[in-house]
C-alpha cells in the first residue's frame, strides 16, 4: 500500500546518510496496534537485523489469463503447460526494478557484496545494523513482546523509501509486519482447538437399515450401497472401470497433516473390501520437515483421515501408486498446524522458490502462523525448512481446510498465487469443500461456525475460495436407494455439534468470481430465487453488513462426489458405514482424474491439468445433483437445483463421459 505522506529531505537528511534532495514517502504505516503484541524498548543501535526487500512482481494480474491459455478447451494453447523456469521468469521483477533498488542501497553505503538477490528473483536481502536500517528507512525499530508467551518480534510503526522507488518495492521487513529476531522459547502448553476444522471427518455410528427392494436384483456387492459405500459402489455410481495401467510418474498425491495412516489398517481394508489390492501396498513416502510416515493402528495419531484417503485412492487406481505428502514434525502437526495453518510448508517442499517468494507484503512462511524450523522443542525437527525437495504429482488431493476468515487476506492471496503457478504447470489440485453447509466447523470462529455479531452470516471456506483449485462437495444415497438412483446433497444429522453435517458451499469474501464460472453462477442466481439479503463487496465488515453472503464472490464447490456412509478400516477395526464428509469426496474425484490421465498418457497426451475451465464449459460430463440443501447459520443454506449450485457444484463424475471429453482434447 502506497501512502501519500511525502517527506522532503535536505541538509539534515544528507547528514544522516540520505542523499540531499531525495524525496521520500511513507511506504507502509501501521494503522492499529498489532493484536496481542506490546511495543516495548528500542532495539540497540548495533544489533543486526536481517533486512528483506520484497520487489514488485510482474504479471501477477495476468496469471489468470495465462492459466486460461493452457486450461480452457477453446484455447489453441490448451495443454501446453509451462515449466517451473517459465513460471519464475514470467513473474519475476523487471530487471530495472532490481537495478534501481540495488543502486539505492549501494549509494546509501550498503556494499554490493552484502546484497543477495534471491534465486526466485523476488527479493534483495542484506544484514544491517539497526542504526543503518533506521537511517535507510527513516524509522525507529522497537521490540514487541507477545502478551501470552515469551515470543519477541521486532518492527516499526512506519517507514519511508525514496518516492521514485515506490513502484518497485512491495514491502520491507522488518517493517510494520513484526519479524522474529530473538529465538523464542517454547510455551509450556499449547492451545487446543477442534480438529474437525482441519480434518473433515465424521466418525459416527451408522443407522440400522434394511436393503431396499430394488437392491435384490443387483450383484451382492452393490446391494447395500444406500447404507454402506464400498469401492464397488463408487465404481458403479460413476462408471469407473477397474484400473489396469500404472504409467511411471503418474502417482496420485495425497496431502496429510496431523494425522497418520496405519499399515495394519491398510491391509485390513484390502482384505475386507478391496481384495484386488495386494497386502503390503503402502504409499510412496514424501515426508516434509520431520514428518512421520505411519503410526500403529492403536495410536492417537491415527485419526482416520490419512487411512481413509489412502484406502479410497488405492481401491480406485491400483495398480497405480499413491504418493503421501506428510507434513511437519510432531511438535507442530497434531495441534498447531493441523488446526491453525495449512499448506505453506507443503508448497515450500514442492517449489523451492516459494520459500522466499514475495507477494502482497508476505515473504516466505509467516512466523506467526507457520511452523518455524529448525524447531527447538524437544523432539522437534532440527533440520532446515525443506524447500523444493519433491516434484508435485499430476493430481493432488487435500481433505483439509478452515474458515476463509481465519487467515489474513494477503497470506491467502500469496498462497493462491502458488496454486495458480501449479495450474500453469499442468497440476490438478483438489480440496474438500467442508462439512458444515454455509457455516464452518462449530467454534470457527463462533459456536455456530458463522460470522457477524449474531452468528448468522455465511462463512466461506479456505482453500476452496482460491479460483485455481477444484473444490469438491459431498453427495449421498439415501438408505432406500441403490446405485441406480440419483444422489442428493450430503446432508445428515450426526448429533451434537454435527447436527447440520452437509456439503459446504458458498461465495468467497476474498476472491471474485473467475470468468470460467460467471455464466453458471449467474444462471443459479436467476433460477434459485434466493431470499437472503446479500452484499457485493470484498473484505466486508461483518459487524455492520446486513447481507448474509457475497453476491460477487468466487462460488464453490466446483464438483462433488459421495461423502456419506463410507466403509473404512480404522484403528484395527472394520467400520461398515461410519464415515462421512467431503474428505471422502476429494480423493474420489482425484482418483477419477488420475485414471483419465492414464488414458491420455497411453495415447501420448499430457495430463488434464486445471480442470475447472473444461468442466464449466462442458457440464454434460457430470451427474447433476438436484436435491438437497446445505444448512447452516440458522438458515436452510443454498438449494441444489439443475445446473451449478453452491452445494454440489456442477455435480459428480460420469467417468465415461469425462474420459470421452478429455481424450478429445489436445
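Positions of Cβ are set from backbone N, Cα and C atoms, glycine also.
The stretch that TrEMBL tags with region 'Disordered', taken from the ranges 124-146, 147-169, 170-192, 193-215, is 193-215. Between residue 309 (active site, charge relay system) and residue 583 (active site, charge relay system), the C-alpha separation comes to 8 Å. Summary: among the recorded positions (305, 309, 643, 645), the fewest other C-beta atoms within 10 A of the C-beta are counted at 643. Within the same chain, residues at least six positions away from residue 624 (Ca(2+) binding site) with a Cβ under 8 Å of its Cβ are 642, 643, 650, 651. Other than the site residues 624, 625, 643, 645, same-chain residues with C-beta atoms no more than 8 angstroms from the centre of those residues' C-beta atoms, the Ca(2+) site, are 626, 640, 641, 642, 644, 647, 648, 649, 650, 651. The average pLDDT computed over the domain 'Peptidase S53' (228-665) stands at 94.
In this view, residue 583 (active site, charge relay system) is surrounded by 29 other Cβ atoms within 10 Å of its Cβ, with every protein chain counted. Checking Cα-Cα distances from residue 305 (active site, charge relay system) against the recorded positions (583, 625, 645) with a 10 Å cut-off leaves 583, in sequence order. The number of other Cβ atoms within 10 Å of the Cβ belonging to residue 625 (Ca(2+) binding site), over all protein chains shown, comes to 28. Comparing residue 645 (Ca(2+) binding site) with residue 583 (active site, charge relay system), their Cα atoms are 19 Å apart once rounded.
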